[in-house]
């Protein structure tokens, strides 16, 4: 058997694997073993590299061997030999021995835990690279970027059909098998998706049971469901996370330091919080699990007859019957339609509200090879979709006919390999979720750790000067100081801010699947928009037909000639459902409505407003993106005769059809270009009389015979009006210091016109990049009116963008990608319109902007945008219609509208359009309506996005089609970001004050009682809770928030405020000491029972006052969130804290003071404390505001 080769990531740059921290197996292999190429096929969509490993025996693992075999025995040996200078008792452990043991235990714990935190570390610690296929037990699978995280998976061994052993593994529900004979690589299971049409047309399914068993073994079952882990498994995963482990460690230290109440209170809070997150995770997983198809019986042609088979037992290669199901069952897998026609509702999969027509391949050329990219839209029915109507195969023709009168289809893919399965995998394993425990948080903690180490070192050095002091207790205190820089409540506080925004967005009909992306919305620099259906409306308006008269004059539809009528009435893919509903492309519906013809179920069209014969559609050659045209064969009865006269009708892109016309107007190109510049959509129409044809000729006629020698019958001109609020929203986004970019598949001239209308473009000329017409020629920038022509090489993109607006087409992008990718990367940030781009190119634009360091937002709808939405920092998917459940819940007799708390209102009926509140409405009615809406919303829990809810791969989904949601997301993002940053400032100040209190003051005998620590913790928790409840302001400000913690303003304000607090604390401490009895002993007894004293009471009151001051001073307020007086809960929380401080200072309740271990303070000293507190507050506030004025306003980095 062939040997598993050395695994090197394919396509990675040298050292690429080291970038992600994976251990590199040695390049030199054992003698006698052949070194094969990379273990994964180059260009695999999911897997980048595979590394083979063998699990080590328990005692040989690095998590056990160095510790059990070396470090612990060495420590015990040193203790036994008296190296540590051991006393007579085990209680008198020398500090060196204690430090050594603690260090070994900590290193051991971290080593074990690092295996939980990192797959690469786990492999290095517990496995060894192995190249002998007989010994390999696991493989480490590294996915391609943005496709989940690295996993260590078991390697399975099965017997193949030829009796040889086959190695395979499963990664993210996809099976990979090792090809030992040819490629020496792991390959995904090959599904029958690239054969010639003759293979499918002549296929008769599985004839023998042995073939079925072999297929089941190769492809697995047709199940796309996930197993929901139990509570304990998920909780264990969270309980071993770095933050949680650290927090539990801190709680343990506090318990050792006799802070029992505080420790138990904090630990309970942590466990409850993590448990609630696990419950929420389990609920979400259960919802996702329900999205998979439910098994049902389906007719399958096996062993030469039709028989009912459970849908989860279907395998690729089966012939199945597909049709409309009375139980509304979904299509169980991806199938190729062989015979019969279907109308399919794909909304459950793509969010596309328009049902799609699917055509069979029975009459297509047998030599043509199935291309899923090109053929899927027309011939493949995807799993998870619903057949709303089907036309069974004609009885007169030969071939298979299902017993249930369904359509005949060939099974292509099953399980998680289907389109629906891929979407489910995206939800389960896709882009790594953004969490609170990010790199910035850790760097921030390391910054604070510097001060903590200095404080701990001071305690150790000063504390060890007293020979009688317990070194164990001193070591414990030093450890506590080091841990104090990471507040245990940090993740909770970050989550609180995010959850507040989550609830606010839910009330605005927005659903978020990745809540920790919300702060990224506050950092957004570039906002990218799709055009069709996002910026422009779906309600299309047919302006008329151009090119029939002189120049670009548009003829009204009522005055067009009969040939144009026939071309428009017949050349479409529309279908009528059983209930009379017309389904198909909105553009084609608008055209048929404009000419006022009626379509019937049997493919006939009849005029309503003009007197002429009806048409019967015989053959459709559907629109394809590559061909940019559609043609049909139709017929009408001659007057006074039953003879049929056949016609050809063609419509498509004007530049494509030009060569097909026998003659056309001399200003043909000028007309369609000029109209496109005005923002209209233009399609050329062709017509041809074919005369009499036999039935066989009509059935066998080729597309080429229709698409030649055509008569030009006009340009159909369709306007796509902008959505009512697009202009206002884009203006608001631009005024808020964002760069806006359009990324669309539409015509560049139309796209540029819309961009100009929306003020994306404010330059006099827009240059479009034209790739060379011949090889070797340079690319050219050409203005829309062709008055400016510049070579691409002339000047830098930045200089060019200062004078002109730039538009890049899909062709231009593809050319630069192939010729000069570096120049393309420099150009992308300066382009304002990307037109005629394919879905993959949209994704490329977004990932390129991210690579260049820009925080990007993508807003779009439909399947074309899924990749871009998934990879953007903030992806917002718009739904064309609000979900029915929301609509039905809100129907009232008056059908009153819903008011969002940002101004615009949205109708409860899907038929009503978005509008602004009329200024005449009384404020009271506004308030009543708002309160009613909020009551309605509170009745529902936050919904889980279902597969029908559009681009489920997007982190944000808006249930309304207005782009107003982008403003809501940015407002909430900025508010959350500012809240998060101010929390970090507050935590930093509190941590620094605590480090000083626990070091210098601790050695002077100042410490807090358990009750004091608990009261302080409760008051602090109240302030943190309400500071996270801040709401954004109604309008976006031009000022941008600081994007991260590490900036000059944050560092300086923290250091200056700390200096003010530090000096105040030192001054009051010394004043209190001067008023206290002199110390008799040289060294303070740090371990005696807590005793109230003037010094302790002064420091405690000062510490509480400073903590409350940090909240009041560092609360940001306008322009990103409501001001402090408007945040009533926080004001009340600060007021309660202030009253508590004043009460404790004045001693208004002696019993209360006594309970919390405070002594009576002399009156004159109370005045001193009060004055110092006031001065401390004023100086810290002044320092922050001055720094804010000079350093606190960042500028937009992107070229504008």
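Cβ coordinates come from backbone N, Cα and C, glycine included.
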Listed alongside 530, 532 for Mg(2+) in Swiss-Prot, from 179, 861, 873, is 861
Looking at Swiss-Prot, which of 896, 918, 1076 is flagged as phosphoserine? 896
Could you check which of 220-240, 241-261, 262-282, 283-303 is flagged in Swiss-Prot as transmembrane segment? 241-261
Under Swiss-Prot, the annotation region 'Disordered' belongs to which of these stretches: 456-498, 886-928, 972-1014, 1015-1057? 886-928
Which residue, chosen from 20, 147, 417, is annotated N-linked glycosylation site in Swiss-Prot? 417
Students should find that the region 'P-domain' stretch in Swiss-Prot, chosen from 149-178, 509-538, 1079-1108, is 509-538
How would DSSP class residue 532 (Mg(2+) binding site) in three states? coil
Can you check which residues sit near residue 532 (Mg(2+) binding site), meaning Cβ under 8 Å from its Cβ, same chain, 6 or more apart in sequence, and list them in order? 720, 744, 745, 746
Can you name the far-off residues of the same chain, 6+ from the ends of the topological domain 'Cytoplasmic' (1029-1047), with a Cβ under 8 Å from a Cβ of it? 440, 443-444, 496, 500, 504, 522-523, 732-733, 735-737, 855, 902-903, 967, 970-972, 974-975, 977-979, 981, 984, 1118-1122, 1127, 1129-1130, 1191-1196
Please give the sequence-distant neighbours of the topological domain 'Cytoplasmic' (1114-1128): residues at least 6 beyond its ends with Cβ less than 8 Å from one of its Cβ atoms. 522, 974-975, 977-979, 981-982, 985-986, 989, 1026-1027, 1029-1033, 1037, 1039, 1041, 1053, 1184
Intrachain neighbours beyond the topological domain 'Cytoplasmic' (1184-1200), with Cβ under 8 angstroms and 6 or more residues off its ends: 525-526, 737-739, 798, 801, 829-830, 853-854, 1039-1043, 1047-1049, 1052-1053, 1056-1057, 1113-1114
Where does residue 417 (N-linked glycosylation site) sit in DSSP terms: helix, strand, or coil? helix
Lowest local Cβ density among 284, 417, which the record lists as glycosylation sites, within 10 Å: 284
I need to check the long-range neighbours of the region 'A-domain' (196-227): which residues 6 or more away from its ends have a CB within less than 8 Å of a CB in the stretch? 158, 161, 173, 175, 189, 285, 288-289, 292-293, 300-304, 311-319, 332-333, 336, 338, 361-362, 364-370, 383, 400, 410, 414-416, 418, 420-421, 424, 428
Using a 10 Å radius on the Cβ of residue 861 (Mg(2+) binding site), the other Cβ atoms enclosed count 26
To the nearest whole angstrom, what is the C-alpha distance linking residue 284 (N-linked glycosylation site) and residue 417 (N-linked glycosylation site)? 22
What does the DSSP secondary structure composition of the topological domain 'Cytoplasmic' (1029-1047) look like, as residue counts for helix, strand and coil? 0 helix, 1 strand, 18 coil
Across the region 'A-domain' (196-227), DSSP yields 16 helix, 1 strand, 15 coil
Grab the same-chain neighbours of the topological domain 'Extracellular' (1150-1162) for me: Cβ-Cβ under 8 Å, and only residues 6 or more beyond its ends, written as numbers and ranges. 1008-1009, 1011-1012, 1015, 1075, 1090, 1092-1094, 1096-1098, 1100-1101, 1143-1144, 1169
